[in-house]
Amino acid sequence: MEKDARPNWDNPMQFVMACVSYAVGLGNVWRFPYLCQMHGGGGFLIPYLLMLFLEGLPLFYLELAIGQKMRLGSIGAWTAISPYLGGVGLASVVASLYLCLYYNIINAWSFWYLFHSFQSVLPWADCPMNYNRTGPIEECERATPTQYFFYRETLDISSSIEENGGIHTGQALCLVLAWMITYLFIVRGVKSTGKVVYFTATFPYVVLFIYLIRGVTLHGAINGVKYMFTPKMEQLANPTTWINAATQIFFSLGLGFGSLIAFASYNQYNNNFERQAIVVSLINSGTSIFASVVTFAIYGFKATVNYENCLERTRLLLLNTFSLAEDSISIHTTIEWTEKLNTTYPQQFAELTNKLENCDLESELDTAVEGTGLAFIVYSEAIKNMPVSQLWSVLYFIMLLILGLGSMLGNVTAIITPLRDFKVVSRMSNEFFNGLVCLFCLLLGLGFTTTSGNYWFTMFNDYGATFSLLFIVFIEVITVSYIYGIKRFEKDIEDMLGHRPSWYWKIMWAGTSPLLLFTLFIFYIINYIQGGTPTYQAWNKELGKSVVTEYPVFGQIFIGLLLVSSVSCVPLTALYVYCRKGKHGLHHKRQGTVSTVSA
């Protein structure tokens with residue numbers, strides 16, 4: 001495809017909306033609040049915002065600049081800078097492919113929950129009856145109704161990754177639906193995506209705002225919000241806090257996948273991407289904080305309900321054991337009466353030791369949950385206790401769907417755009433080629449709908465992109481700063497924007513960001529080695545909870561392949577180009593290098 005025939009966004013706002021829709025995803029709703037909870041509430045905002053300016057913004061700017069300058073997808077852009085670097089773009093495509101395979105299964109789960117929300121009683125509100133109709137199903141009694149619905153009804157999960165079963169028909173149909181909608185969103189490339197992003201970028205904010213109003217008016221919500229904004233400053237001395245802050249910024253902005261390069265390649269040459277990089281990065285981080293307030297309000301409500309239910313069970317136990325009048329103990333005086341009765345009747349009270357629960361609001365709030373556990377279990381448990389729970393369930397899962405589908409636009413674009421830069425693919429119509437990519441991902445993704453599919457989902461989520469993305473972006477920033485050269489890059493930016501980047505950007509690109517990425521990269525390797533045999537959470541239906549289980553040998557080999565497959569694209573491509581040049585006697589150092597303003 002010729003560069004001058006390349007389609008463009010209708011206006012700069014479409015590009016901003018596409019970036020916001022891509023960057024603001026499920027991680028903002030289910031991972032950032034978890035990190036806040038784990039690392040000292042409001043205190044986590046200090047390293048988080050610092051990492052935004054030291055790492056997030058500069059790298060976001062860099063990827064937009066490369067895409068807009070080269071007007072190519074990730075493979076073409078890096079090949080243009082140097083034929084030896086084509087593997088960087090190829091590694092991005094492989095990482096995006098892995099992400100596409102498992103990310104849409106989350107949207108399938110959201111569809112499943114959404115469809116089940118249109119019932120008079122939410123199906124995860126109570127345990128279903130057993131086959132004999134004599135009582136609740138034992139597995140559900142051992143767990144909770146929300147856990148049972150997720151693990152048994154939604155996933156029909158096996159007891160380990162080694163036990164495989166058939167495809168869950170309901171989940172498979174939901175996955176087909178998720179891919180059909182993804183295809184409709186991207187069917188005509190940037191022309192159809194540009195229209196869709198206005199909705200996918202704005203609607204989640206409408207729902208979050210509605211949830212904020214509802215959340216802060218819930219009983220006990222203030223307990224959760226107080227918990228979030230009460231900083232535990234001692235956490236700042238913990239290196240893991242800083243590592244997690246840097247990692248969250250990195251993945252939240254979607255760096256390294258090639259999506260930002262692809263989106264920017266459809267910009268007008270003189271588009272002001274500098275201002276857009278700042279705006280999108282700040283919107284993304286602001287959304288994380290905003291979503292955390294909503295989440296912690298829900299947390300507070302759920303924790304307070306659980307705490308008060310615990311007090312009520314204790315109250316009834318004391319009333320029955322000591323034959324007290326019904327109104328003699330209230331929920332508010334339960335703890336006081338527990339201490340009083342323990343002092344007055346020590347022998348009788350000692351018999352209750354095994355039956356008495358330790359009711360503590362703080363420990364309820366301390367229970368940190370992330371990912372699917374937060375999105376599909378904790379939130380579901382909170383929703384079932386709300387008045388008109390069906391309405392809040394429908395709203396919540398529509399929001400999750402829009403967030404997920406919005407991110408899928410960027411994920412699929414990161415695969416399609418670089419491939420369309422090849423002549424063979426560019427001859428195909430948008431509709432046909434985009435359909436092929438979606439069908440290919442759907443067929444491979446069906447593996448995640450089997451009984452052991454959730455364990456493979458966890459494997460892809462933990463190992464499919466993390467290591468490779470750190471490597472990819474590290475190579476990107478080193479390439480631009482020291483191979484392509486900061487001076488040449490400066491002149492390219494001046495040619496597009498009319499002014500050179502400030503000293504802040506140059507210091508970040510040349511020193512701070514590469515150093516941070518290298519530190520994260522080394523930390524990841526050390527952590528992986530010290531961690532021993534990789535483990536996962538396997539559902540034990542006899543216990544009604546997840547138990548830590550080691551991956552079998554084939555699982556460990558597959559993890560190794562996931563870690564190496566995308567990273568190996570960089571050296572293998574460079575080796576291929578070197579051998580090919582040697583074979584044909586092409587020794588011109590700058591053969592195929594892009595001509596720049598400074599050349």
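Each residue, glycine too, has its Cβ placed from N, Cα and C.
Note that TrEMBL annotation is computational and uncurated.
Feature list (source: TrEMBL):
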| type | residues | note |
| --- | --- | --- |
| BINDING | Ala23, Val24, Asn28, Ser252, Asn284, Leu403, Ser407 | Na(+) binding site |
| TRANSMEM | 12-32 | transmembrane segment |
| TRANSMEM | 44-62 | transmembrane segment |
| TRANSMEM | 83-105 | transmembrane segment |
| TRANSMEM | 165-186 | transmembrane segment |
| TRANSMEM | 198-222 | transmembrane segment |
| TRANSMEM | 242-266 | transmembrane segment |
| TRANSMEM | 278-299 | transmembrane segment |
| TRANSMEM | 394-416 | transmembrane segment |
| TRANSMEM | 436-457 | transmembrane segment |
| TRANSMEM | 463-486 | transmembrane segment |
| TRANSMEM | 507-526 | transmembrane segment |
| TRANSMEM | 553-579 | transmembrane segment |
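Feature map: TrEMBL annotations on the structure.
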| residue | record | contacts (Cβ under 8 Å, 6+ apart) |
| --- | --- | --- |
| Ala23 | Na(+) binding site | Ser252, Leu253, Gly254, Val280, Ser281, Ile283, Asn284, Gly410 |
| Val24 | Na(+) binding site | Ala201, Pro204, Ile283, Asn284, Thr287, Leu403, Gly406 |
| Asn28 | Na(+) binding site | Ser252, Asn284, Thr287, Ser288, Ala291, Leu403 |
| Ser407 | Na(+) binding site | Ser21, Tyr22, Gly25, Leu26, Tyr103, Gly254 |
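Of all the binding-site residues listed (Ser252, Asn284, Leu403), Leu403 sits in the most crowded Cβ setting, with the most other Cβ atoms within 10 Å. Same-chain residues with CB within 8 A of the center of the Ala23, Val24, Asn28, Ser252, Asn284, Leu403, Ser407 CB atoms, the Na(+) site residues themselves not counted, are Val20, Tyr22, Gly25, Leu26, Gly27, Gly254, Thr287, Ser288, Gly406. With pairs at least 6 apart in sequence, the transmembrane segment (242-266) and the transmembrane segment (278-299) have 3 or more Cβ pairs within the 8 Å limit; the two touch. When Cβ distances are compared across the two stretches, the transmembrane segment (83-105) makes no contact with the transmembrane segment (198-222), since fewer than 3 pairs at least 6 residues apart fall below 8 angstroms. In summary, the transmembrane segment (12-32) lies against the transmembrane segment (198-222): three or more C-beta pairs, each 6 or more positions apart in sequence, are under 8 Å.
For the transmembrane segment (242-266), the list of distant contacts is 6-9, 15, 18-19, 22-23, 25, 27-28, 31-32, 35, 38-39, 44, 47-48, 50-52, 55-56, 59-60, 63-68, 70-74, 77, 89, 92-93, 95-96, 99, 190, 273, 281, 284-285, 288, 407, 410-411, 413-414, 416-418, 465-466, 468-470, 472-473, 476, 516, 520, 523: same-chain residues at least six beyond its ends, Cβ to Cβ under 8 Å. For the transmembrane segment (507-526), the partner stretch with the highest count of Cβ pairs under 8 angstroms, out of 44-62, 165-186, 198-222, 394-416, 436-457, is 44-62. Against the transmembrane segment (165-186), the recorded stretches 44-62, 394-416, 436-457, 553-579 differ in Cβ pairs under 8 Å, and the greatest number is found for 436-457. Put simply, of 44-62, 394-416, 436-457, 463-486, the stretch with the most CB pairs closer than 8 A to the transmembrane segment (553-579) is 463-486. Listed by sequence, the residues of this chain that lie at least six past the ends of the transmembrane segment (44-62) yet keep a Cβ under 8 A from its Cβ atoms are 35-36, 235-236, 241-242, 245-246, 248-250, 252-253, 255, 260, 273-274, 277-278, 280-281, 285, 288-289, 473, 476-477, 480, 501, 505, 508-509, 512-513, 516-517.
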